[in-house]
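Taking it in order: structure first as structure tokens, then the write-up.
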Amino acid sequence: MAEPARALRVVRIYLDGAHGLGKTTTGRALAAASTAGEGVLFFPEPMAYWRTMFVTDALSGILAASARCAAASHGSARGAGGPAHRADADAAGLVAYYQARFAAPYLILHARVSALLAPPGPAPGGTVTLVFDRHPVAACLCYPFARYCLREINAEDLLMLAAAMPPEAPGANLVVCTLPPAEQQRRLAARARPGDRADAGFLVAVRNAYALLVNTCAFLRAGGAWRDGWDALEWADANALAALADPSCDECKMAPAPALRDTLFAALKCRELYPGGGAGLPAVHAWALDALAGRLAALEVFVLDVSAAPDACAAAVLDMRPAMQAACADGAAGATLATLARQFALEMAGEATAGPRGL
């Protein structure tokens, strides 16, 4: 009788950050580092889901909807003598729809993988590392937040998308990749991928979203609570949000010991979440912020400058593994995870990847 497969230690690494940094090449370099007993499985960006699995192309659709929002916003600003406070409702609805399309494959994959995981425990079967090209937080929070700063979606749209973030299984490690702005622009221009958005306002808004995400996770993991100090926060008005998407303004800094004012929550303290000018935040919005806080507090966050070559960046990520959280999976899950990685890579990116040895 065959001996049952032994339990595995599973390390999940989500490479994230603004687009055009080199996350995908770093992920592929990590997959190439797979060795017996220390397998690395790579789950690439789900480009096919966005571009070919539906009648409409999500990248083209969201670019068109964003342009419509920008046109409406500029018209409102001229009429009111200042920045528009809200996005055009119809165009914002389209942006939110396409943003949900971006989130869907990540949410589906996240649910599939999470079902195989358990809290950490003895794992005599060795370690497998799962490397994902982005976490659901990218499509559910960071990119919607950037669009919120640009008034392409409204606060209620952002909370709706953020509420879709799934509960986190044990062992989630988020590696936020960074680059100097000029190098990011150079890499974006060099890859020249159709559908890439490279306007300076959007890029700085996304970069700020990730800096605030790092601060928010650190604040929450240190025991911070958004409800403590919420009432004392200043209102995030249209000018404050516009500054987060203004290349001429200083970018947000990743603070060593962030306070509530250094987090995403501060930018969500806006009057549009208080219907009719009420004095209190509606309970349903507060519950959404509670849920968001719970999801983000579960993430172990690392920051990686990816200026170096992909192999060097991959080595730097592997050097972080001893400090990373892990989950456990039964021995049979190893083969299931390898199959998932092959299927996902083939369907989403047209890549036929082999599973690592030992799984």
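Every residue, even glycine, has its Cβ placed from backbone N, Cα and C.
The ATP binding site annotation in Swiss-Prot covers GLY17, ALA18, HIS19, GLY20, LEU21, GLY22, LYS23, THR24, ARG187. For the recorded site, LEU21 (ATP binding site), the DSSP three-state label reads coil.
The secondary structure of GLU45 (active site, proton acceptor), as reduced to three states from DSSP, is coil rather than helix or strand. Under the heading active site, proton acceptor, Swiss-Prot lists GLU45, citing sequence analysis as support.
Taken from Swiss-Prot, the feature substrate binding site applies to GLN99, ARG193, supported by sequence analysis. Its Cβ taken as reference, ARG193 (substrate binding site) is surrounded by 12 other Cβ atoms within 10 Å in the chains shown. Secondary structure from DSSP puts ARG193 (substrate binding site) in coil.
Cβ neighbours within 10 Å of GLN99 (substrate binding site), excluding its own Cβ and spanning all shown chains: 24. For the ATP site, whose binding residues are given in the record as GLY17, ALA18, HIS19, GLY20, LEU21, GLY22, LYS23, THR24, ARG187, the maximum C-alpha distance rounds to 14 Å. Ranking the binding-site residues HIS19, LYS23, ARG187 by how many other Cβ atoms lie within 10 angstroms of each Cβ puts ARG187 at the bottom.
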